[in-house]
Amino acid sequence: MEKSINKIGVLTSGGDAPGMNACIRAVVRTGIYYNIEMVGVMKGYQGLIDNEFIPLPSHAVSNIIQRGGTILKTARCMEFKTKEGREKAFRNLQAQGIDALIVIGGDGTFSGAEVFSREFNVPVIGIPGTIDNDLFGTDFTIGFDTANNSVIQAIDQIRDTAASHNRLFFVEVMGRDAGVIALWAGIAGGSEAILIPEKETAIESLISKLAEGAENQKSSSIVVVAEGEKSGGALKIAEEVKRRFDHYDTKVTVLGHLQRGGSPTCFDRVLASRMGYAAVKALLNNVEGKMIGMVNNRMHFTELSLAISRHSPFDEELAEIAAVLSI
Ligand SMILES: Nc1ncnc2c1ncn2[C@@H]1O[C@H](COP(=O)(O)OP(=O)(O)O)[C@@H](O)[C@H]1O
Ligand SMILES: O=P(O)(O)OC[C@H]1O[C@](O)(COP(=O)(O)O)[C@@H](O)[C@@H]1O
Ligand SMILES: [Mg+2]
């Protein structure tokens with residue numbers, strides 16, 4: 001039997017990502033357009049458990065499309081991983097009269113959504129909001145483009161000083177399990193090498209590549225290292241390279257959380273608007289238990305269970321392009 005949807009809750013969860021606010025706005029405005037009552041859940045699943053709900057009339061989402069972060073706050077909530085925590089969350093949801101949930105987050109958020117919707121038969125739609133762009137079922141996640149732009153701005157600035165001193169810079173970017181930011185920003189920043197969790201790091205070949213570059217009149221080199229790179233991260237690799245290549249002046253910059261902030265790019269705002277709109281329309285058409293994605297520039301649905309079962313496939317062609325262009 002079709003469920004009638006009169007009240008929708010929306011939350012953001014896991015790491016924040018630029019464009020989450022644009023997405024909240026799209027969800028709220030679309031819901032209101034279709035006469036649905038819209039409610040915000042504060043601090044992700046933590047707010048569901050702690051009963052922190054706020055009404056979201058249209059004006060509550062004015063003037064946020066350009067802002068980074070999330071007005072609903074976010075959290076990594078351990079209690080939601082327990083049955084007791086999720087039972088509390090369900091009781092609060094029922095007391096609020098919320099018929100369906102839209103969750104904006106990453107793979108962890110969708111794992112929580114998948115188990116919660118199965119246990120309590122709550123219709124849920126997931127929207128991919130993470131700078132990491134590692135989710136299966138979408139070409140892009142909200143926040144990835146903005147994070148990349150912040151990273152390349154930093155790399156460009158580092159390049160100026162690196163070239164002035166003939167230095168070798170290791171720039172560490174985010175990505176616990178995925179090297180997608182490293183790959184994209186590494187290509188766009190013209191880096192000499194990119195080290196990522198998806199590939200083994202071969203120190204020997206890195207050193208010979210840097211040496212070749214120096215012979216070929218390169219006045220500086222930038223190596224982009226993803227946080228989750230398996231041989232120990234930027235600091236450790238830089239130390240190893242310095243030990244073996246001691247005539248090079250080696251520096252390390254860890255970009256850290258500056259990559260997660262800032263005003264979303266046009267791309268992220270439009271992506272967030274399309275996904276937020278499509279998520280509400282999906283619920284109204286009794287679609288549930290799915291993640292919305294963008295595949296070949298079209299909105300596309302993937303079962304949450306499938307979206308959390310794997311990462312997006314690694315782009316070997318991009319890795320090849322990075323290697324060819326960095327000679
Ligand atoms: N297996 C799970 N079962 C229930 N809830 C989960 C599960 N995995 C993650 N969550 C919830 O989702 C939240 C966000 O996940 P996390 O991995 O921190 O970020 P992201 O969604 O960005 O990947 C977690 O803090 C937790 O509340
Ligand atoms: O801010 P925190 O909690 O230290 O988490 C850092 C992690 O969050 C991210 O920025 C985003 O990851 P998620 O989207 O999975 O939350 C990762 O790139 C990074 O490793
Ligand atoms: Mg994640």
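Here the Cβ of each residue, glycine as well, is placed from N, Cα and C on the backbone.
Nobody curates TrEMBL annotations by hand; they come from automatic prediction.
Going by what TrEMBL states, the ATP site holds ARG76, CYS77, GLY106, ASP107, GLY108, THR109, and the candidate of GLY9, GLY15, GLY175, GLY179 recorded there is GLY15. The substrate site in TrEMBL is built from THR130, ILE131, ASP132, MET174, GLY175, ARG176, GLU227, LYS251, HIS257, LEU258, GLN259, ARG260 plus one of ARG167, ARG243, namely ARG167. Among the candidates ARG159, ARG244, the residue that TrEMBL names alongside ARG25, ALA26, VAL27, VAL28, ARG29, GLY190, SER191, GLU192, LYS218, SER219, SER220 for the ADP site is ARG159. Comparing Cα positions, GLY190 (ADP binding site) lies closest to LYS251 out of the binding-site residues GLY15, GLY106, LYS251. The 6 Å Cβ screen around ligand 1 retains CYS77, GLY108 from the binding-site residues ARG25, CYS77, GLY108, ordered by sequence position.
Checking Cα-Cα distances from THR130 (substrate binding site) against the binding-site residues (ARG25, VAL27, ARG76, GLU192, SER219) with a 10 Å cut-off leaves nothing; none qualify. Put plainly, the binding-site residues ARG25, ARG76, ARG260 were compared by Cβ crowding within 10 Å, and the winner is ARG25. Nearest to LYS251 (substrate binding site) in space, judged by Cα atoms and limited to the binding-site residues GLY15, GLY108, GLU192, is GLU192.
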